[in-house]
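Engineer: To start, I am sharing the structure in question, which I have written as structure tokens.
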Amino acid sequence: YYTPKYETKDTDILAAFRMTPQPGVPPEEAGAAVAAESSTGTWTTVWTDGLTSLDRYKGRCYDIEPVAGEDNQYIAYVAYPLDLFEEGSVTNMFTSIVGNVFGFKALRALGLEDLRIPPAYSKTFIGPPHGIQVERDKLNKYGRPLLGCTIKPKLGLSAKNYGRAVYECLRGGLDSTKDDENVNSQPFMRWRDRFVSVAEALFKAQAETGEIKGHYLNATAGTCEEMMKRAAFARESGVPITMHDYLTGGFTANTSLAFYCRDNGLLLHIHRAMHAVIDRQRNHGIHFRVLAKALRMSGGDHVHAGTVVGKLEGERDVTLGFVDLLRDDYIEKDRSRGIYFTQDWVSMPGVFPVASGGIHVWHMPALTEIFGDDSVSQFGGGTLGHPGGNAPGAVANRVALEACVQARNEGRDLAR
């Protein structure tokens, strides 16, 4: 499984693993173990090996390089033949590549840093239900970032008071409001009551402002059937956007919802709740750039991507690296931004990155400069925490955004 002379094919899925072998385990042995366990290998030779062509189907560790400044840590590059994976299934891809190998005894730690998804595989996926340009057309909003707000407190409001907060924020000038990730259907506010109150608030704000408004109605539920029922009710109520927690809900459920949203004209907002459990440790886990690629394949029109400047962790260059992986068609390899492979998405639509978490109007120049127009700035406490109330908070955000966009268009340096 360690084959340093192997020449990768255009159809191979390539993986870059950050590998920390146990003391005494050579990196070549550890890299071979990763390739074997994540493809055709098992702990012994079996008789049925002779009934297939292992040479055709096995993963190959084709390169190993030491990590600069780290003791006994390496980047292992592994190539997987395309035939190992079911078409259009992120679930199967992850089950194969990361399903068992992270518990391997020969490794002290293992991190999946990046994946190269070949066009031959990415073309089998639905991708975002609509994408950046179609969303702008649906909402009739161009030339600036979109502006949103997560309704707070995230838990405890009644449906009526929740709808009131939505109305005040939309009436004040926001493009959309949002359910928090853990707002599903709790005793204090059942989902149907919330959906009805939000729809009423949204239509009232639209009538008074003359702008198209949105709210991300969280359809995440305990079963796929219940999730689809909630998404259908969101469509019937006339709210243009639904929402899913894609890591806690699962990739199979997410892809099913993405198909429904595409077929029924709903935009799909994605929250990454639980991501830090998977991606926060540098040496062990799955980097968010991999989860971002997986989301683009599974389907979502926008996804939370960190802020660089807010309360949640995120390095600027690395964050902008996976923002480009979400939005752009073709992304060149750039190790300084953590991009290990050139990625060609061909014609797959892009995904809006959402900046959210501890941001307020003071951050608006930096957010506008860092993320550009094709992004969503999501202010929760930065709207609802305004001393004058919810509507003045929304007004402040809208005025700040329009001032920053005008200054940028006039050639001002927003970074200063």
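If you go along the chain as it appears here, the first residue is 1 and each next one adds 1.
Note: Cβ is positioned from N, Cα and C throughout, glycine not excepted.
When I checked Swiss-Prot for this same protein, it listed these features:
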| type | residues | note |
| --- | --- | --- |
| ACT_SITE | Lys152 | active site, proton acceptor |
| ACT_SITE | His271 | active site, proton acceptor |
| BINDING | Asn100, Thr150, Lys154, Arg272, His304, Ser356 | substrate binding site |
| BINDING | Lys178, Asp180, Glu181 | Mg(2+) binding site |
| MOD_RES | Lys178 | N6-carboxylysine |
| SITE | Lys311 | site 'Transition state stabilizer' |
Engineer: Applying the rule Cβ within 8 Å of the centroid of the Cβ atoms of Lys178, Asp180, Glu181, what extra residues of the same chain belong around the Mg(2+) site?
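Structural biologist: Here the non-site neighbours turn out to be Thr150, Ile151, Lys154, Asp179, Asn182, Val183, Tyr216, Asn218, Met243, His271.
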Engineer: Cα distance, Lys178 (Mg(2+) binding site) to Thr150 (substrate binding site), nearest Å?
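Structural biologist: Spelling it out, the Cα of Thr150 (substrate binding site) and the Cα of Lys178 (Mg(2+) binding site) are 5 Å apart.
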Engineer: Indicate the candidate from Lys152, Arg272 with the smallest number of other Cβ atoms within 10 Å of its Cβ, considering only these recorded positions.
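Structural biologist: Result for the recorded positions Lys152, Arg272: minimum number of other Cβ atoms within 10 Å at Lys152.
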Engineer: What does the structure give for the C-alpha distance between Lys154 (substrate binding site) and Lys178 (Mg(2+) binding site)? Integer Å is fine.
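Structural biologist: Taking the Cα atoms only, Lys154 (substrate binding site) lies 10 Å from Lys178 (Mg(2+) binding site).
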Engineer: Looking at the binding-site residues Asn100, Thr150, Ser356, which one has the fewest other Cβ atoms within 10 Å of its own Cβ?
Structural biologist: Asn100
Engineer: Among Asn100, Thr150, Lys154, Arg272, His304, Ser356, recorded substrate binders, what is the largest CA to CA distance in Å?
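Structural biologist: If we measure all Cα pairs in Asn100, Thr150, Lys154, Arg272, His304, Ser356, the largest is 37 Å.
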Engineer: Quick one: of Asn100, Lys152, His271, His304, Ser356, which recorded positions lie within 10 angstroms of Glu181 (Mg(2+) binding site), measuring between C-alpha atoms? Sequence order, please.
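Structural biologist: For Glu181 (Mg(2+) binding site), the recorded positions whose Cα atoms are within 10 Å come to His271.
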Engineer: Which ones in the same chain are close to His304 (substrate binding site), with CB under 8 Å and 6+ residues apart in sequence?
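Structural biologist: Within the chain, His304 (substrate binding site) has Cβ neighbours under 8 Å at Ile270, His271, Arg272, Pro353, Val354, Ser356, Gly357, Gln378.
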Engineer: Given a separation of at least six residues and a C-beta threshold under 8 Å, show me what packs close to Asp180 (Mg(2+) binding site) in the same chain.
Structural biologist: Thr150, Ile151, Lys152, Lys154, Leu155, Asn218, Gly380
Engineer: For the recorded positions Lys154, Lys178, His271, work out the Cβ neighbour count at 10 Å and name the residue with the minimum.
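Structural biologist: It is Lys154 that, of the recorded positions Lys154, Lys178, His271, has the fewest other Cβ atoms within 10 Å.
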Engineer: In Å, rounded, how far does the Cα of Asn100 (substrate binding site) sit from the Cα of Lys178 (Mg(2+) binding site)?
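Structural biologist: A Cα-Cα distance of 36 Å.
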Engineer: Mind giving me a neighbour count for Glu181 (Mg(2+) binding site)? Other Cβ atoms within 10 Å of its Cβ, every protein chain shown.
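Structural biologist: Glu181 (Mg(2+) binding site): 20 neighbouring Cβ atoms within 10 Å.
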Engineer: Any idea what DSSP makes of His271 (active site, proton acceptor), helix, strand or coil?
Structural biologist: strand
